[in-house]
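Data first, discussion second: the structure below is written as structure tokens.
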Amino acid sequence: MANRSEEAEDENDSRRNQQDKKREGVLDLVLKRPLRWLRMLIEELHWSFFFGVIVVYGVSQGLGKGLSKVSTQYYLKDEQMVQPSEAQVYVGLIQIPWIIKPIWGLLTDVVPILGYRRRPYFIFAGVLATISMMVLWLHTNLHLALALSCLVAASAGVAIADVTIDACVTQCSISHPTLAADLQSFCGLSSSIGSLVGFSLSGVLVHWFGAKGVYGLLGLTAGLVVVVGMLLKESPTRNLGRKHVNEKFVDAGSKIWKTFQYGEVWRPCLFMLLSASVSLHMHEGMFYWYTDSKDGPSFSKEAVGSILSFGAIGSLVGILLYQNFLKNFPFRNVVFWALSLSVLSGFLDLILVLRINLKLGVPDYFFIVVDEFVSHMISRIKWLPLLVLSSKLCPAGMEGTFFALLMSIEHVGHLMSSWGGGVLLRSLNVTRTQFDNLWLVIVIRSLLRVVPIGLVFLIPNVDPNSTILPAEMLMNQRNEAEKIEMTALISNEA
């Protein structure tokens, strides 16, 4: 009996030890490992850079995107009374400042202001966005043209801050090549968490304060970008004369042209442009359908905001999946499978619009939440390897300009897809109250997503730890880096 009692106690102890190990494993995965990862990044990079990434990506872009997207949708729909096809075109118009990001990047790289190359641009970006949001908030009965001008100006403020922090991130990717994927994951993580908070609050805030009231809150968040400009660690550099600045512009243009002559550079750029262009956007058409009381589910503002918050959660899950399981796989393989899944997920909207989900007993809200989550998760997994690849294609000393140029190529594609979606909505007579042909728009959009799969051969079939550019070009970068007189923003000191 005593032996049996001891064996039972041993089994209980063994079972408890296994349970404790499982709990420790979950705790390590959920809490300890992310904290060690963040501590490692802070130790490798300066804290002011860390703060800048959180503010620009997390607050200005993430939180700001979540609040501005919903507020702008309701502002155009209820305040300006525009059609969904027109709203789709106007949303594309607001993104134009992101297309000219290379101009902002070139200025931050070669034109210092009062002896600094980065800090003044953060301050200017924050002030511009703040003033624009305040005008939208305080002005009553604002004409559509003036309202769009303010929205474009606010977008320009966010874009300038983005290209400036992009330059910092790209510098770190070059100086710390083993951290390139980690940096992009951290940036994406900050953006997704900010978007999650923004979308979660957007519907409630629009309901409480109205779309214009939310613009007032966005003016406050833009002010944090000014704080980044004041706190960022940057050593002053001498101001250049006009002649010297002109020489820098010519030198920058020459370096950009030389870089684009390499097939390893122009081929992935062509892929990003074509794949984005043919992936037509029809978000505004779906938004009008979501809120329609006759044909659609007639969601409230709070419901719309909560639905979009699940999209932010999907983006966050996509980042975690890429960071933990996919970041060491070749770029081409990850993009190929993400594109394949994107084609299938596109038809989820068709099931919803044809009301097949209701015939299967699946509520609209639950189905849309799943659709939003899955589509954003796949989109993030597809986009992250392209971001890492882009950071490895930038010549030293021109990080801000060249990375901005690569991203502007993507934004040109998104602009074409947004306007193409607007043309398609108008051609098939999808209006504020007519949605009979919305299903056909979805079918055309989903079929066009097949096209980029045939273009993945343009992406280098290498992993993120490989060197993309030729050896002689990397040597040229090191020799010419001093000519650009870039001021190092990031040090190895904590």
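Backbone N, Cα and C atoms are what each Cβ position is placed from, and that goes for glycine too.
Whatever TrEMBL says is automated annotation, not expert-curated.
Among the features that TrEMBL reports, region 'Disordered' is placed at 1-20. Taken from TrEMBL, the feature transmembrane segment covers 45-67, 87-107, 119-138, 144-165, 186-208, 214-232, 265-283, 303-322, 334-356, 402-425, 437-459.
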**Report entry** Interface check, the transmembrane segment (214-232) with the transmembrane segment (87-107), three or more C-beta pairs under 8 A
**Finding:** no
Query - Contact yes or no, the transmembrane segment (402-425) and the transmembrane segment (87-107), 3+ Cβ pairs under 8 Å, gap 6+ - result: yes
Report summary line: Residues outside the transmembrane segment (334-356) whose C-beta sits under 8 Å from one of its C-beta atoms, at least 6 past its ends, are 275, 279, 286, 289, 322, 326, 364, 367-368, 370-371, 374-375, 378-379, 381-382, 385-386, 435, 438-439, 442-443, 445-446, 449-450, 452-453, 456, 459
Report task. Verify whether three or more Cβ pairs under 8 angstroms connect the transmembrane segment (186-208) with the transmembrane segment (45-67), leaving out any pair fewer than 6 apart in sequence. Result -> yes
Query - Cβ pairs under 8 Å between the transmembrane segment (303-322) and the transmembrane segment (87-107), at least three - result: no
Requested in this report: May I ask which of the stretches 119-138, 144-165, 186-208, 265-283, 437-459 has the most CB pairs under 8 A with the transmembrane segment (87-107)?
Outcome: 144-165
Report summary line: In the same chain, residues at least 6 away from the ends of the transmembrane segment (265-283) whose Cβ sits under 8 Å of its Cβ atoms read 88, 91-92, 259, 339, 342, 386, 389-390, 393, 406, 409-410, 412-414, 416-418, 420-421, 424-425, 441-442, 444-445, 448-449, 451-452, 455-456, 458-460, 469
